[in-house]
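Please read the structure below before turning to the comments.
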Amino acid sequence: MLRAYRSDDVRQAEAPLLERGVPLMDRAAAALATEVIRRVRALGNRVPGTEVLGLVGSGNNGGDVLFALARLARRGVSASAILTGTPHAAGYAAASRAGVRFADAGTLRSLAESAEVWIDGLVGIGARGPLREPALEIVRELEEVRVGRPVEPLVIAADLPSGIGADDGTVPGLALRANVTVTMGIAKPGLVLDPGRRYAGEIVQVPLGLEEFLPSEPALLSVGARDIADMWDVPGPDSHKYSRGVVGVMTGSLRYPGAALLSTSAALAGGAGMVRYAGPRETSRLVVSQHPEIVTDMGRVQAWVLGSGVNMDDPEAASEVARRLQESITAGIPVVLDAGAITLLGSIDVPSTVVITPHAGELAELLAARGEPLSREEIAAAPSRAARLAATLTGATVLLKGSVDVACAPDDPLWAQGGAAGWRATAGAGDVLAGLLGSILAQWGDELADLGKGHGIPARLAAAASYIHGRAAAIAYGTGRPIVASEIAGAIPQAIGEALASTGE
Ligand SMILES: NC(=O)C1=CN([C@@H]2O[C@H](COP(=O)(O)OP(=O)(O)OC[C@H]3O[C@@H](n4cnc5c(N)ncnc54)[C@H](OP(=O)(O)O)[C@@H]3O)[C@@H](O)[C@H]2O)[C@H](O)CC1
Ligand SMILES: [K+]
């Protein structure tokens, strides 16, 4: 599980160590230099003679890079640096002593053209606002050089790619795209949230001993394969359908019969002990003909999935969805509200055991109904803020779908899941996610009902569903067949199996 902390919290955690004289910058620089050497070797190049270009800002981020360049120069690397202003004094002295060449901005292009590695030390967590001159011009030129080179350079960002928002992942102006980000101490939310995440490349965390001084709650969490394995209730000899979770699914309509099929297929694939389908008669026949194990008689369920493909303009369907929502809240069992059912929260508050799964458009509609309008673009530009606002206004757990899915309850950590984003933007993928999420929530339904509150569990399970959905889309992509929602549903068991077998992450 990746944990990310806001830059202010990182600074506060660094302070006591710096006061004790712990050489944090030295450790940071050593880790940065080691990562550069590892990557150069992985490319099959020899370290001595490799050309490395450091882009150095005037703050401690630049200081990290200057000390790293000094270490690299001592290992025979041909190291040069471009400064944006007055550099970190001790770093500059160390780099000069080690033979690092300081070039003026006019030679940037030629140095950038020949250097195998660029190290970005322009700004780190001290960045304020969009990247500004002279860093801005440097990034503009580097991106031009990168495009024109026959072989791309290896770009390694110190702490953060310069130009992204450390805490929210926004990219207000230009940013330098890195292949690897060597982040100091602990990851920051901007490395996991879109669009910042796309500039970070692979994240390498450098432990600096900050843990004991960081807040107990991270600002953001991200689920990995190992966490799925840890949270998954693998059936055993005394399992039965209720211990595995029975999920009720009220989805689909004459207009959207496919939503019924996709959501129930995903619910089955997600490991539910049984799926009760409560949609219209016409779609029941379709569902049961495809999945004879699905039952249509009503009885005990431990989670509901409501709304995918339901025509909420149909008063009978809408009142049925509203009734089931109310019953579930009274019984304390978790509910997934998808698609049109999300509009119910325009006027009622709910516990965090209710999970809504909007895309940006549906969230914009909900926020407008709640008197806090945000445009679809504003939501996509800062998904974490929009999801938190909706959770706070409604009380629900919000799983906001996008290039990075974010999930949060009103007062619990934020989850962010990237992965296979593009492939999931296909008709019906939301129906699949809703069914999968319902199936996972059902496995925890009794526990949630006993707890009487969400306690952050629905958000964590929503992140797990998003992770599995993303992995299933990536697996579906690998089949070479068209990536349609039914293929994603079909790949869910393999995605779960992979995670349960994982030993990494
Ligand atoms: N605290 C420590 O000892 C450690 C810190 N680490 C590294 O240090 C940075 C944080 O360093 P800090 O000096 O606080 O700030 P930065 O270097 O990240 O940035 C400040 C410089 O950047 C310029 N700046 C700020 N905003 C912009 C912008 N939008 N565009 C261009 N330039 C910007 C700022 O210029 P001023 O004119 O405002 O002075 C400064 O020059 C952290 O990220 C780590 O890399 C160590 O890793 C651990 C120990
Ligand atoms: K940087």
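Note that Cβ sites are derived from N, Cα and C of the backbone, with glycine treated the same way.
According to TrEMBL, the protein has these features:
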DOMAIN    10-216  domain 'YjeF N-terminal'
BINDING   60-64, 124-130, Asp159, Ala259, Gly309, His359, Asp431  (6S)-NADPHX binding site
BINDING   Asn61, Asp120, Ser162  K(+) binding site
DOMAIN    224-499  domain 'YjeF C-terminal'
BINDING   Gly430  AMP binding site
Neighbouring C-beta atoms (10 Å sphere around the C-beta of His359 ((6S)-NADPHX binding site)): 19
Candidates Asn60, Gly63, Arg128, Asp159, His359, Gly430 (binding-site residues) with Cα within 10 Å of Asp120 (K(+) binding site): Asp159
Distance from Ser162 (K(+) binding site) back to Asn60 ((6S)-NADPHX binding site), taken between C-alpha atoms, in Å: 13
Other same-chain residues whose Cβ falls within 8 Å of the Cβ centroid of Asn61, Asp120, Ser162, the recorded K(+) site, in sequence order: Leu55, Gly57, Gly62, Val65, Gly121, Leu122, Val123, Gly124, Ala135, Ala157, Ala158, Asp159, Leu160, Pro161, Leu176
Listed binding-site residues among Gly63, Ile125, His359, Gly430 whose Cα sits within 10 Å of Ser162 (K(+) binding site): Ile125
Where the C-beta lies under 6 angstroms from ligand 2, the matching binding-site residues among Asn61, Gly63, Asp120, Ile125, Ser162, His359: Asn61, Asp120, Ser162
The residue listed as 'AMP binding site': nearby binding-site residues from Ile125, Arg128, His359, Cα cut-off 10 Å: His359
Candidates near ligand 1 among the binding-site residues Asn60, Asp120, Ser162, His359, Gly430, judged by a Cβ under 6 angstroms: Asn60
